[in-house]
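Peer 1: Sending over a structure as structure tokens; questions will come in a sec.
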Amino acid sequence: MEQLNRSISKLKPPTKITSTATPSSTIATALAVAAAMGANENTANNNLRNNNSNNNTAPTAVNWACQDSSYYKDASDSDSTARDYCYPCHYINLYSHSADRRKDCNICNLNKDKTCCDTSIHKDSAIIHTQQQHTTTQPLCHPEPHTSEASIAGNAGTRITAPNLVTVVPMIPKKKKRPAWDTKGRLEDMEELTAVLNEQLQTSSHNMKDLSSKLKSSEDQIAQLQSFRQNLESKVAIKENENRTIFQKMQHVEQDLQTTARKNEEEIHSLRMQHSIHMDQLKMTQTRLKQEKDSLQSKLQSTKGQLESQMQENTSLRSTISTQSANCLALESDNRALKEKIQRTENTLEQRETTILMLERKLAESRKSVKDLDQRIREEETIRRRLHNTIQELKGNIRVFCRVRPVSSSVNGSKNETATASITYPDIEGRQIEFAHATETATGSQVAKAYPFTFDRVFQPTSTQEDVFEEISQLVQSALDGYNVCIFAYGQTGSGKTHTMEGPLNASAESMGMIPRSVLQIYENAEALKARGWTYQMEGQYVEIYNETVNDLLGNDGLNGAKKHDIRHADGKTTITDITTVVLTSPEKVAALLKKAAHNRSVGSTLMNERSSRSHCVFTLRLSGKNSITDESSEGVLNLIDLAGSERLSQSGAKGDRLKETQAINKSLSALSDVISAIANPNANTHVPYRNSKLTYLLQNSLGGNSKTLMFVNISPLRSNFNETLCSLRFATKVNACTIGTATRRAVSK
Ligand SMILES: Nc1ncnc2c1ncn2[C@@H]1O[C@H](COP(=O)(O)OP(=O)(O)OP(=O)(O)O)[C@@H](O)[C@H]1O
């Protein structure tokens, strides 16, 4: 059986039905063959019974379908796809092998829920289940043809009747074999057998008739089936056409698909490229993000640390807040107390406001009186200036101060050279100085002789720059008031003229000379006078007279007559051509000016000290004042002069250029002496020889009758310098004896 099943399952399903044999004809043929071959009737009967019993297993389920269930899908088959057709007979397995659902009817293409042309085809699910079981458990093709209940679509009304297979063939009784000698008995058995066989023959004839009629009906059925087959073939042809069309369509679709696939491949390729680029970018981004992540993590760590510290701080702040809350309560109570206090204060304030109003009235009155007082001060300022001038006049318009320089610690030499002269200061007012010097008489004996001198002021070696300036500050004030003031230092080389007028290089506040101190005082006084309506403009010039040549110490052209400068006088004013004039707006600017002058003097000669002692230096400060209240104006000039050393030619032993220098110096100093003598002469018609030297010509307006002049005579305390000191003191006495006219103020009152 299994072998048969396997061989059947190997059969390829035919596309067309080629055999017209039906299952019923197969059965009849089987019976006929069995009979013809004299096969044991028991075997034939058993086959029939088996078939009947098989038929009984699923009598209804197989009525409408091919009974050769071996062509149907066995449940155990690995191919799980259910077959729709019985391929050999082309009958239709209407049902799916799935037990829980029914497929569409393959004949009418309608499912059970719709009306089929032959409703008998469709069975309920229970029957299908039975069919299922039958199909899976019955491998052989059922001998039964389609039942009378079954019908084929397209052949509705034609029913195929099942053959009657229950006609029983009489059985041949079994008898004991008779011995050979029992001829009668054997004859009787033969007769009996003949009767049975006759009966069987009759029955078989009868069956033959039935079978013939059955054959006829089967042939009808075959005819029906053939027409059904033709019907199906035409359907198949239509389907094949449809298949071809579908196939062509499929080819088109395939081509389209291939084109699309190529396009897709290209797209995929470009997408892959993009993808790789994106991947690279993503990797870079990933790296960057990783770095950012790392930095963020480190930041997070630090932030966590900060957070923790802030939390700690928070905790401490909370405790502070609780403390502060307590303090706040205390403060609130204080606040209440303060409010009460404020209320009391406000009351007091109101009283004070009344007082303030009263005071404001008084203030207005006071302001008026202050204004009056200011007016009086201005008037008194004018009076002060007049009185100041009167005092200066009383002191004398030409005054002489003597200053003895201290013995320098750096002085080296023999004992005679470093020995100091015998100097005394007899009066307590500080106006007298007396030298005691031993002189040889005609007899050769040594006689001590006294040389007393009296000046307006004598400064001892211990006197400071401040002491000296205190005495001349009144004259400086006169320049601010609009007078011409001339202060010059006279004396031998090294007697301290430059120290007195300028001070040492890089001087401190204490060691500053008369020039910087005068400028500072002028600035201070000018500032103070601003309150009284005075504003001043200051201009500075610094020139050197060397060998009767005027050099500009503030210019950039160098010295030694690089540029020729002429002295001019006009309208009581002295000017020098091509000279540098610096507007002085602050004391610092004056300091810079002095520094530049010192630099120019130093570059003028490699032997700076030599040159400085051989030239006259004149610093001129012009002061133009204007009073915006009184509309007054004033123009004063302050000349501060460091004269060249006054060595006597006979004693200096100079030769060559030094001789020429000394001659020029002596000439100019002698001219100065002559000018002062002429000015001091009471005869008004006396000629004043200003033009005899560049120095006197330059100082013409400062030495004249309308100026205030102060001469420092600087002397050395050394005995070795006694003769020169004596000469200087005698010249100073001569100057001091002069009485020059009253100085006039260059002021305009409008
Ligand atoms: N009153 C003083 N106190 C301290 N030192 C002084 C005083 N007078 C002069 N000297 C010092 O004596 C030296 C010479 O002084 P200074 O150069 O002022 O003399 P001078 O008369 O200007 O000489 P020259 O005619 O050569 O220019 C300087 O070193 C200076 O510091």
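Every residue gets a Cβ built from N, Cα and C, even glycine.
Bear in mind that TrEMBL entries carry predicted annotations, made automatically and left uncurated.
Sharing the features that TrEMBL gives for it:
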{"type": "BINDING", "residues": "GLY491, GLN492, THR493, GLY494, SER495, GLY496, LYS497, THR498", "note": "ATP binding site"}
{"type": "COILED", "residues": "201-242", "note": "coiled coil"}
{"type": "COILED", "residues": "279-397", "note": "coiled coil"}
{"type": "COMPBIAS", "residues": "12-22", "note": "compositional bias 'Low complexity'"}
{"type": "DOMAIN", "residues": "397-738", "note": "domain 'Kinesin motor'"}
{"type": "REGION", "residues": "1-22", "note": "region 'Disordered'"}
Peer 1: Kindly assign GLY491 (ATP binding site) to one of the three DSSP-derived states: helix, strand or coil.
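Peer 2: The residue in question, GLY491 (ATP binding site), is strand (DSSP, three-state).
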Peer 1: For each of GLY491, GLY494, GLY496, count the other CB atoms within 10 A of its CB; which of these binding-site residues has the top count?
Peer 2: GLY491
Peer 1: Can you tell which of the binding-site residues (GLN492, THR493, SER495) has the fewest other C-beta atoms within 10 angstroms of its C-beta?
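Peer 2: Taking GLN492, THR493, SER495 as the binding-site residues, the minimal 10 Å Cβ count falls on THR493.
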Peer 1: Does anything in the same chain, at least 6 positions from LYS497 (ATP binding site), have a Cβ under 8 Å from its Cβ, and if so what?
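Peer 2: Spatial neighbours, sequence-distant, of LYS497 (ATP binding site): ALA489, TYR490, GLY491, ASP642, LEU643, GLY645, PHE712, ASN714.
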Peer 1: Relative to the Cβ position of THR498 (ATP binding site), how many further Cβ atoms are located within 10 Å?
Peer 2: 20
Peer 1: Summarise the model confidence on the coiled coil (201-242) as a single mean pLDDT, whole number.
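Peer 2: Taking every residue in the coiled coil (201-242) and averaging pLDDT yields 90.
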Peer 1: According to DSSP, folded down to helix, strand and coil, what is GLY496 (ATP binding site)?
Peer 2: coil
